[in-house]
């Protein structure tokens, strides 16, 4: 009997659901409440009225519970048990309800007979039970005519006055926290106003909407970027953008995200590969590791799961691995390091073991390593040509289909090979006043303005795709879709061109929402696997049913397809209210706002550099991550000396001596050095190429870390990155006495080359409370504590929870602040930082030029600017007498007379007169140019450029003009030649001076000269000009006439003063 009452309480007697009496605030959830209400189903008003009358007739005051008979202890629930509820004695029929499954298995035959009464009880005023209003999964609604009963556990205790639910009406869960708790009796119900027929609905509705308005207000602002949010949980999720944390990890592939919605969206890629727990067979329902855990716990879970480890990207390096989209990724050959397993490390960096190049994702590293191996796994089935990248294969396939896909314009008849170019061409007709052509449907006559819209419409007329019955639980195999009908914008196929190459090349047009395997030989174009196209039986990834009718690209969501189609149509619906610039995506518009506001809320904690976008800050942080000792040790293969704890030992973690106490050895010659900085400087002696150059002095380096340290020389002399910190209790073998595993043991287990794992171990994010891959604890106590601040600064004593936070903080003590502000006394390390700080004391630009109106911060800047309006040239050359505005211009000019080229390139021995010219020249050597011409020895970066160059030696003119048949070597030459065949442009004549122009740009500049003022005047004749360029040309005329200018002596060369 008690079990039945408990089941009744679970069905309708809980007091903490939506219709409960307590006034706890509405719980925070990451979605908009009003958006949720807009997507609910509505029930007929008549049915709700009948049910409301039935519920209102029930008594409002619960009676005392009866004494339960002795029964065995209740079973353990997987969900929170609910409080029992029993009405008054005058309604005996309402005391019985549906029994739970647990009571039917343990009670006597009398209780089993009561379990057969499954219908909900009704008050005695009803002669017959009313018809069922709702399904079992969706009980009667509690808030008007909106059915919210299926989502009561999401809304906590936000209540609205209404009829008290009866025993047969569900009212939510009894324990909002989701943990099992004790049963709640009616005497424990919190006090509140009486509800029922005597309640005032108007007064309670006011309170309800007042609470709803409280929830809709944005009361939680961000302290970094001042963005505000409605709920505190949204603010917590937003702060991950500034901190860079990615706590949600995928249990299958190991990718991490900073929002749970991004992880859920990513999980759709693995929906055909369900996670297999350690039991063997897949379990029904979503498991906790499959939904993603924070990195501190998910990594340990994934590492203990054999199935999860086997699904990582580097589980089977000897065999080709299958990616999430179903395509086969070639395995790395022997000698090439595979990226670290996604279940053991963070999100990077991943270093190449051959060239030490660092990548953020393991897929990028694997794609890069194909360059070293020379492997070309992607081959064309038409001409058997191989490529090392999938994108190169996609571009190559289009060359085979170029003869078939010729799309004519319906207005002028011009033919295009790409539908996107056709749409842009038709937009030019629309801008000129010519209406764009429409595309009618052959079946119903409906017209559309874009061809892809017609293709989606024709999918509705197509018959449904027949499927074969599944065998042994396997997925059903779709039948081949109907052939693609000839569209109104496609030319009919020529029967003479239907050979094997043309048939294979024309294989990829997607018809509506049904993927047609046009390119069956190249399923990579449609994102499928095997030869079955995007939806074939071999596809291991999710089906992409929404395909673009122009380029054939497939998408999994209709919204993504609509956004993609804007690329072809050129539609830009989002416009900037300040400058009027339009964008395709709202995200691009939000990024564009930084141009007008000049806000840079994202600041690097290491160097203080500010950025306007979080992506720029994330890319910038990768530069500093290479300064970590473990990152350097893992990326360059440094060997530690004997008797030390290694690069990742306690010394690096700030628990023992500083870097000077460690001995680092060069892996090439074995020479020992006190710290990593000297090792990196020494290893450059073994390198032949030094691609990183300093823009200030021209010195080159082999590592970008050395270049970063060198740039501090131009500002201040840097101290060491890692200072000694107080050491904690250590064991005799150098490890932590608390029993934790230090990072050196992790490196000894084969992870020394995996930079991402070493960095994650230093940051303390992969070991949970024990931190199996982290560093030892600083301070008192031998054990580790996940909540304590473990790393302390030896200079100021500030402590941090993670080692990365300590390294970030030590930059404050790294540089010497020698330049002080004369107004506030604040010191800075560089002159540029001091200049930026001085501007904060100036409220406005108070120095204005009386000639042109330009404003300046300081009087010295104004005086230098006023030289443009006068004849003053204080810096003159002693050889030719030419005058200059600035001394820097004079130093550059003197090279013309001396002929000195003091800057020499160390690679090709070429000399330059200026250091900036040498720095620009060195960029050519930094980029590899492996393609060499056998005839003249000229090198190129890409093979396509080499093939285009070799046409000069062969005399082949591959590009010909369509009008006159003249041949050219380059495409740019034929495009420039075809302008002569175009009709002459209309002559643009100025209405003020009747001067004619052919170029609209020059015409607009000329009109601006009439409309604006002429602040630049000649001192000889008083004529004014709109810019300095016109004034300079005018001065040359005076020189030729012999009028003379001050200090020139009649020399024509002196007229070239800048």
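If you go along the chain as it appears here, the first residue is 1 and each next one adds 1.
Cβ atoms are placed via backbone N, Cα and C, with glycine included.
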Matching range for Swiss-Prot feature annotation, zinc finger, among 477-499, 500-522, 523-545, 546-568: 546-568
Swiss-Prot annotation of zinc finger - which of the ranges 747-769, 931-953 it falls on: 931-953
Residue 1039 (SUMO2 cross-link) versus residue 801 (SUMO2 cross-link) - Cα distance in angstrom: 74
Long-range neighbours of the zinc finger (903-925), counting only residues six or more past its ends (CB under 8 A): 691, 693, 695, 697-698, 700, 892, 895
For residue 801 (SUMO2 cross-link), the number of other Cβ atoms found within 10 Å of its own Cβ: 16
Per-residue pLDDT averaged over the zinc finger (692-714), given as an integer: 72
Secondary structure tally of the zinc finger (903-925) (DSSP, helix then strand then coil): 11 helix, 4 strand, 8 coil
Selection from 378-400, 819-841, 875-897, 988-1010, the stretch that has most Cβ pairs under 8 A to the zinc finger (1016-1038): 988-1010
Count of other CB atoms lying within 10 Å of the CB belonging to residue 1039 (SUMO2 cross-link): 18
Secondary structure tally of the zinc finger (959-981) (DSSP, helix then strand then coil): 10 helix, 4 strand, 9 coil
